[in-house]
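Listed in TrEMBL:
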- 6-22: transmembrane segment (TRANSMEM)
- 34-51: transmembrane segment (TRANSMEM)
- 98-122: transmembrane segment (TRANSMEM)
- 134-152: transmembrane segment (TRANSMEM)
- 155-258: domain 'Peptidase M56' (DOMAIN)
- 181-200: transmembrane segment (TRANSMEM)
- 268-287: transmembrane segment (TRANSMEM)
- 531-591: domain 'TonB C-terminal' (DOMAIN)
- 685-744: domain 'TonB C-terminal' (DOMAIN)
């Protein structure tokens with residue numbers, strides 16, 4: 001919006017300069033009236049007009065996105081909420097925009113006040129109709145002006161002058177001059193800060209008087225008309241959108257204009273000046289802005305196609321709204337940051353990527369996260385500031401110091417014309433490259449083109465510098481455009497690019513499923529759906545290079561890089577008969593089926609079928625092949641439920657097994673347990689189990705709103721019949737399976753779900769997360785229980801019951817809220833056992849206040865302990881309830 005306002009002001013300035021310099025003194029009054037009205041409208045519309053023939057568009061760079069690799073069986077729904085801050089964040093309005101709207105409101109109030117004064121004159125004073133107008137007699141006044149079809153005459157005006165004044169004002173009425181002034185008055189409301197709008201209105205009002213005077217003197221002697229203008233005692237109403245006969249500031253100009261001779265017709269050619277002015281403005285609004293200093297060939301800094309026409313502020317608003325849409329669509333905090341952080345090591349990133357990174361940082365700050373560095377300065381930098389910074393020595397040295405894949409870096413002003421200092425720096429880096437085997441190349445960039453010198457061999461074996469180093473253009477061809485796609489081993493016999501591409505995707509999926517160590521997530525205490533984004537390139541030799549990854553934890557990033565690095569050598573892609581580099585992106589998604597951390601992070605822990613697990617461990621302790629777990633998504637042959645053996649396709653067997661298991665659970669599950677327990681509303685139980693290499697059901701775990709429901713789910717799943725085991729690469733393997741059980745209990749009460757999760761950030765007031773504390777805080781009523789596990793479960797139950805008893809759920813109805821509502825409260829149980837609120841989020845401030853009130857009303861707890869000392873323990877409590885119709 002700010003860019004639009006500035007454009008409008010600049011255009012109006014140009015138009016007024018043309019008017020004042022070339023047209024103001026001409027007697028082509030009607031032409032000037034059209035000019036002022038037309039250019040005022042043009043100044044508003046031109047910023048929106050984009051003519052494609054005037055716009056230069058650069059091609060965008062493509063990176064091939066491989067299909068998502070899913071490790072393990074992907075869960076289709078989130079079972080129990082364990083993430084904080086799942087409340088839509090509304091971007092704050094800039095301060096200047098707040099001032100703008102306040103000014104508009106005040107200007108509108110002034111306008112309405114002035115309008116009410118005119119209407120007051122109309123209704124209060126006597127009126128009579130003449131011709132096309134009404135004469136309104138103003139009591140105790142000598143003013144004379146017109147407004148639409150009303151002519152206002154003060155009773156103190158001499159009768160001899162009234163006829164002349166009426167003729168003058170009738171011109172204003174018949175030519176509808178009030179409409180012109182009302183148009184500019186509305187511009188003054190919305191552009192109250194713009195002095196050029198006021199200048200436009202003054203010039204239009206002056207022009208109106210010239211037009212009316214020119215008509216009036218046709219029926220009266222000029223000298224007599226001059227006397228009328230000069231002799232009156234002026235009592236003009238100071239209202240900007242009326243046409244006044246007695247306006248002291250205009251009288252001299254009116255007399256001068258009346259005495260002028262008519263302009264020659266040849267002077268009409270001056271209006272042609274408008275054409276190049278408007279054309280120049282169209283070129284400016286339509287053309288793609290070229291940022292000063294850099295015209296990138298391989299490093300593109302131009303806008304993405306869909307964002308070309310947005311200015312910086314509009315682009316930032318658009319990108320931030322996209323983040324909020326991603327959040328609404330269910331993307332996690334980490335996934336959003338991965339999608340919005342730059343995925344390029346280019347010296348200069350594009351304008352869109354720059355603002356994506358800035359908005360990702362803003363989103364992180366708005367979510368209350370603590371960044372590793374101060375982002376306040378970066379948040380204020382525009383893309384122009386960024387480009388200016390990239391020209392500094394500090395920026396160049398910083399980028400050069402970030403050595404990746406053994407490639408040294410050098411930034412120069414002009415790659416083809418190095419300065420003496422740049423030559424010396426390049427020589428020193430080449431010497432370093434020759435002496436140190438840890439480096440394999442030197443990348444030189446000037447922001448327009450990048451080149452890389454690669455070592456040809458070991459520097460000790462090659463004494464000739466020219467034979468030691470070869471220069472290659474760093475050419476990258478998108479997969480969608482490359483003539484011959486890279487070929488994964490085993491896909492060589494296929495003919496078309498499409499077949500090779502599909503084969504490669506499948507092979508990489510299988511490779512990752514076999515080699516990726518998903519247990520790392522369990523070790524790190526991560527739970528639920530995890531997403532890793534990997535970017536890599538297949539170079540001209542078929543090697544995998546330039547691997548970068550983004551993940552919720554650095555160890556997952558390192559594991560992803562390790563697996564991608566271990567990919568076999570691939571036949572490189574070709575373009576026009578030459579090997580080229582082909583970039584790829586690879587999303588890896590897997591579900592952590594946690595065995596221990598879940599017990600500590602969710603209010604109801606997994607129920608373990610220890611008997612089954614013990615027998616399973618004993619049966620398999622000497623059979624390592626059968627311990628292999630293969631995700632359902634990539635297994636060669638899925639497990640087969642009794643009765644589904646006659647089917648051939650994996651998909652058919654999968655559907656049959658799902659139907660059979662669903663029918664079995666519906667038949668065996670005792671839903672009356674929920675009623676006996678006093679549970680109401682929609683109940684959801686998540687069950688995780690495995691079908692082992694012998695077809696037995698093992699590793700059953702469940703999660704439910706009550707331990708009794710967990711036990712019932714484990715009981716029913718343990719009754720499943722023996723199945724035909726799944727097979728992968730010709731061997732029987734273990735296949736994990738996830739089963740959500742959902743049923744409805746009548747008479748749903750308002751508050752139906754609360755959960756406590758351990759907060760994963762131990763940086764808040766030096767608190768210990770619930771997930772890792774040695775001994776959790778204990779509710780007073782639970783202190784007499786035998787062991788810490790029972791005390792912990794009892795404490796969680798007590799907190800639930802406390803919230804259910806004390807939370808005023810009618811508050812949501814009184815606030816007019818509807819549907820499913822979620823409140824997040826993060827609090828600490830201090831070393832003294834007291835409750836300290838860290839933060840809360842809710843759809844309404846009063847719900848936040850109610851949640852804080854309820855949590856604060858909890859009794860003093862026995863504090864938690866860690867490594868023998870009492871510590872603060874951090875909790876997160878999502879409160880979810882349904883407002884019934």
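Using the three backbone atoms N, Cα and C, a Cβ is placed for every residue, glycine included.
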* With the transmembrane segment (34-51) as the reference, find which of 98-122, 134-152, 181-200, 268-287 contributes the most Cβ pairs under 8 Å. => 268-287
* **Residues of the parent chain within Cβ reach of the transmembrane segment (268-287), under 8 Å, 6 or more residues beyond its termini** => 7, 11, 14-15, 18, 22-23, 26, 28, 31, 35, 39, 42, 46-52, 54-56
* Local confidence of the prediction over the domain 'TonB C-terminal' (531-591), expressed as mean pLDDT -> 85
* Asked: Which one of these stretches, 6-22, 134-152, 181-200, has the most C-beta pairs shorter than 8 Å to the transmembrane segment (98-122)?
  -> 181-200
